[in-house]
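> Okay, so TrEMBL annotates it like this:
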TRANSMEM  137-155  transmembrane segment
TRANSMEM  161-186  transmembrane segment
TRANSMEM  206-227  transmembrane segment
TRANSMEM  233-250  transmembrane segment
TRANSMEM  262-282  transmembrane segment
TRANSMEM  294-316  transmembrane segment
TRANSMEM  342-361  transmembrane segment
TRANSMEM  367-388  transmembrane segment
TRANSMEM  400-420  transmembrane segment
Amino acid sequence: MKLKSVFSSEAVHSMDSVLVGSFRKAPSLTTGVNYWRTKYCAGIYHASSYVLKDTWHKRKVPKEYNFLRLQQSSLNYHYKGIDGVCTCQKCNIKFVVKATSEQSFEAEPQAFDPKSSLDPVKNSLDAFYRFSRPHTVIGTALSIISVSLLAVQKLSDISPLFFTGVLEAVVAALFMNIYIVGLNQLSDVEIDKINKPYLPLASGEYSFGTGVAIVTSFSIMSFWLGWVVGSWPLFWALFVSFFLGTAYSINVPMLRWKRFAVLAAMCILVVRAVIVQLAFFLHMQTHVYKRAAVFSRPLIFATTFMSFFSVVIALFKDIPDIEGDKVFGIQSFSVRLGQKPVFWTCVTLLEIAYGVALLMGVASTCLWSKIVTGLGHAVLASLLWYHAKSVDLKSKASITSFYMFIWKLFYAEYLLIPFVR
């Protein structure tokens, strides 16, 4: 309950007028001033006391109270008689109330909100998250870890040396991954305004200069780390990925290979299927463990299977982007052949790959490998067919959702590859 002032400014002003008018008629100025000053202050005192008592008895709540302070300067009226004429000079009246109330009469300063101060940081992290294309980052990290496990021959190989070698490879490759996806966005700003308007460059969250600064920094950091580590397989993996990623995206004569369906698919196949499997395996085998280079049965399987998968990703990624690709003359297989034929070609290729993997699992001499790889690939093949039948090829959202499901199958495959023996 708020305590309201019993005297408004209009009332005080009106009373001032009455006082002045009365003083002019008073026979004694000093007597009149003292008399009305006493009456006025007494009225304030009694009125405020009455309000305080009434408020105190009505609330009866154990609450911390502020004190009512009515600071009223005396109605200092100085009167001077000048040639028999009375003049009145009124001093300023201060009326300060600090009452028992739920809110103060004075506006309190706004409390510090830590959430609002963190908003710019959260927005920056969210923009960079989208810029880095997280599904590719996860795929890169999982593939390197999985292939590195193929170099493990005995339990003692799982050592700090192993984790150091994996960390070096993963960090350097992720830096290069951000360079490649970032350069692609820099080259496709206008296309992405149609196909992927949520990306930071297409939406305007990042300026072109910001994008250039990010991709330049990450490419330099990637090569620097590869050079410092001193692993030639790792360094060549970074160099080949840099060259093919640049040739795929950058819009200069003889390059921008994404315009040509076969060249675009070859770029993705070489990086995802060949470079990742062979170069990072050799990094662990020759640089970390100091062993001779060998091409084992699991490594050959991983390279072959991921070749199928890389072709599927290369073909399928263009299906939801057909609208923008048509406008800007990107002759993808989806533009040339249509969405439906490419869609079912991708599904068929993956089912064939799963069938081969299932047979390889059954043929394994290791019982636990036979069970894990055989059963695992059978489950993944069933899930693929089940989801493929429910896709609406007229809905971009449905196609995009299925494309992300294919990436989940990609992740799952790299969880199975270390069990191939």
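Glycine residues also receive a Cβ, built from the backbone N, Cα and C atoms like all the rest.
Curation plays no part in TrEMBL annotations; they are all automatic predictions.
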> Tell me if the transmembrane segment (206-227) touches the transmembrane segment (342-361). I count contact as 3 or more CB pairs below 8 A, with pairs 6 or more residues apart.
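Counting Cβ pairs under 8 Å, fewer than 3, so no.
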> Are the transmembrane segment (400-420) and the transmembrane segment (233-250) close enough that 3 or more Cβ pairs fall under 8 Å, when only pairs 6 or more apart in sequence count?
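Output no: the transmembrane segment (233-250) is apart from the transmembrane segment (400-420).
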> Do the transmembrane segment (367-388) and the transmembrane segment (294-316) share at least 3 Cβ pairs under 8 Å, sequence separation 6 or more?
no
> Which listed stretch (137-155, 294-316, 400-420) has the most C-beta pairs under 8 A with the transmembrane segment (262-282)?
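It is 294-316, which has the most Cβ pairs under 8 Å.
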> Any residues 6+ beyond the ends of the transmembrane segment (400-420) with a Cβ under 8 Å from its own?
135, 138-139, 142-143, 145-147, 149-150, 297-298, 301-302, 305-306, 309, 312-313, 316-317, 319-320, 346, 350, 357, 360-361, 364, 368-369, 372-373, 376-377, 380, 383-384, 387-388, 391
